[in-house]
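Asker: Take a look at the following structure, please.
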Amino acid sequence: MARATGPEQRLLAIYTGGTIGMRSEGGVLVPGRGLAAVLRTLHMLHDEEYARAHSLPEDTLVLPPASSDQRIIYKVLECQPLFDSSDMTITEWVQIAQTIERHYTQYQGFVVIHGTDTMAFAASVLSFMLENLQKPVILTGAQVPIHELWSDGRENLLGALLMAGQYVIPEVCLFFQNQLFRGNRTTKVDARRFAAFCSPNLPPLATVGADVTINRELVRKASWKSHLVVHSNMEPDVGLLRLYPGIPASLVRTFLQPPLKGVVMETFGSGNGPTKPDLIQELRAAAERGLIIVNCTHCLQGAVTSDYAPGMAMAGAGIISGFDMTSEAALAKLSYVLGQPGLSLSDRKKLLAKDLRGEMTLPTTDDLLGDDMLGCRATWLLSMNGSQDADAMKDVLLPGLALAAAHAGDLDTLQAFVELGRDLNLKDYSGQTPLHVAARRGHASVVAMLLQKGVDVDACNEDGQSPLLLAVRGRHQSVIRLLRAAGAHLSPQELEDVGTELCRLASRADSEGLRAWWQAGADLGQPDYDGHCALQVAEAAGNADVVALLQSLEDRVSAQPQPH
Ligand code: ASP
């Protein structure tokens, strides 16, 4: 995530309506036209002197200097008509996405001025419609009209413009009360206070105080190789159903009727609901008809898990876990996934179970480590019947469980995977296979078992690392031997900087490390960036043991018959 550079940052502010620009008419607030003219009168949002000196057009404003060498210039595009956001629908949000697409190359970033009531929905929908974003899109608004003396609108708009103009945060975000949130993680939590939004399951991407603090590791990386794709085909027939104690099965049946194609079901606590057979039967029947049901907790914080029996029963009725997604994000994601042409029901369920835009936190291998119920959970999951829903859930959860079993050296659980015909090449979100994990931990018996089952010995994770490299890093000699015997080799990328690594190990007298690289097939004579090899480094450091080791390993290489 870089700081935006260049003397002028040009932004497009799309004004859709909302309280920020409202005026009182006959005692009620209605969306007000001419926001640019109001902004022009506010010094913190417009530098008239600079605009005149540079002959900026009427609809173009400029912030006072953000830094000594940079100006943020923004044009306000006023939508026609303007909306109280309670009246916004997918149709209007598609128009916003298309406006961004039309102007994408002209501007460095976009601010969407929107009513607060449905801003979390808008941010969620836009996040799915805009794929491969490389520029910031920041929604903001206000609880009090901007022209009033005590308004939050001025600071919110200024903050959104500064964040979009000064930082490359390639996401759909929401800026409110000095906090920049990932848009699809937000929800409106207060009708009156200026701190109207929160992001219950993800910390803010940035916080503004005397300093601006960017939470760099949370900001999504732009994919510079791919271009912006705008998905305008969003399914409108999706719904939101909140369960409550005693909810009648007949009411649920009525709600789930066509044309509804997908529903977000808000459940209790960790994803539970009443276990009444008639209710479960309605859910199961709807799922069998092809209706997609996503389970989200109605709690503000936390995730859907399968820790309790009612949770399991719900899952058994063919429901997809929304983990820690907000209902707003889940509804938007359903609409996006159902709008994708040409996918089978099972493809759609798989897509829903994935984290597409940072909207949910999937359980990681680390969460499963140390889980004393690991074997039980794996057996339960593996034994779920072969419905599409069970398959979708397995696709999400089984890799984590298999990896956790490999991490724990739990041969029995891995054996259960094999007996039920599961492929042990499964990968988690970061591309790790059970072989990676077992190799990193040095579990030779698990590695031997996986190799015997024919797993891919050279599988690379997202960082391009093979199991062999991880075994080398862990100095696990027996694992390296097993992997080499199965034909594993280090890739040219893994060997790229090996000279530097070997010299570093030699300077630290790390014989084990040097031996591990040698066993994995690395050439110990490789020079580092300034031409020294490990032996020279060891000699210079006067480390006789390492010198002796390196010479003996080199002798063994030269004693081997050379291929002709
Ligand atoms: N009803 C207004 C809207 O959402 C509320 C606001 O903007 O704060 O458009």
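Heads up, the Cβ atoms here are built off N, Cα and C, so glycines get one too.
Straight out of Swiss-Prot:
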type: ACT_SITE; residues: Thr19; note: active site, acyl-ester intermediate
type: BINDING; residues: Asp84, Ser85, Ser86, Thr116, Asp117; note: substrate binding site
type: DOMAIN; residues: 9-355; note: domain 'Asparaginase/glutaminase'
type: MOD_RES; residues: Ser478; note: phosphoserine
type: REGION; residues: 41-350; note: region 'Asparaginase'
type: REPEAT; residues: 141-170; note: repeat 'ANK 1'
type: REPEAT; residues: 396-426; note: repeat 'ANK 2'
type: REPEAT; residues: 430-459; note: repeat 'ANK 3'
type: REPEAT; residues: 463-492; note: repeat 'ANK 4'
type: REPEAT; residues: 530-559; note: repeat 'ANK 5'
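Each of the listed features needs to be described in terms of its position in the shown structure.
Answerer: Thr19 (active site, acyl-ester intermediate) falls within a helical segment according to DSSP.
Within its own chain, Asp84 (substrate binding site) has Gly17, Gly18, Met22, Val30, Pro31, Gly115, Asp117 as residues 6 or more apart in sequence whose C-beta sits under 8 angstroms from its own.
Annotation for Ser478 (phosphoserine): same-chain Cβ neighbours under 8 Å, separated by at least 6 residues, are Gly442, Ala444.
Residues of the repeat 'ANK 1' (141-170) grouped by DSSP class, helix first, strand second and coil last, total 14 helix, 1 strand, 15 coil.
Residues 365, 402-403, 405-407, 409, 411, 414-415, 418, 424, 465-468, 470-471, 473-474, 476, 478-479, 482-483, 486-489, 491 of the same chain, all 6+ positions outside the repeat 'ANK 3' (430-459), place their C-beta atoms under 8 angstroms from a C-beta of that stretch.
Packing against the repeat 'ANK 4' (463-492) from elsewhere in the chain are residues 430-431, 433, 435-436, 438-444, 447-448, 451, 457, 498, 512-513, 515-517, 519-522: each is 6 or more residues past its ends and has a CB under 8 Å from a CB in it.
Note on the repeat 'ANK 5' (530-559): residues 499, 502-503, 505-507, 509, 511, 514-515, 518, 524 of its chain, located 6 or more positions outside it, place their CB under 8 angstroms from a CB of the stretch.
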Asker: Who sits close to Thr116 (substrate binding site): which same-chain residues at least 6 apart have their Cβ under 8 Å from its Cβ?
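Answerer: Residues satisfying the criterion: Gly18, Thr19, Ser85, Gly141, Ala142, Gln143, Phe176, Lys188, Ala196, Phe197.
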Asker: With a Cβ cut-off under 8 Å, give me the same-chain residues at least six positions beyond the ends of the repeat 'ANK 1' (141-170) that come close to it.
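Answerer: Contacts with the repeat 'ANK 1' (141-170): 1-4, 9, 11, 13, 18-23, 29, 32, 35, 38-39, 42, 44-45, 63, 66-67, 70, 72, 74, 85, 108-111, 113-116, 119, 133-135, 176-178, 180, 192-194, 196, 205-206, 208, 214, 219-222.
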Asker: Would you please pick out, from the recorded positions Thr19, Ser86, the one with the fewest other Cβ atoms within 10 Å of its Cβ?
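Answerer: Lowest Cβ count within 10 Å among the recorded positions (Thr19, Ser86) is Ser86.
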Asker: Filter the candidate list Asp84, Thr116, Asp117, Ser478 of recorded positions, keeping only entries whose CB is under 6 Å from an atom of ligand 1.
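Answerer: Among the recorded positions listed, those whose Cβ sits under 6 Å from ligand 1 are Asp84, Thr116, Asp117.
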Asker: Using DSSP, what's the helix, strand and coil tally for the repeat 'ANK 3' (430-459)?
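Answerer: Grouping H, G, I as helix and E, B as strand yields 17 helix, 0 strand, 13 coil.
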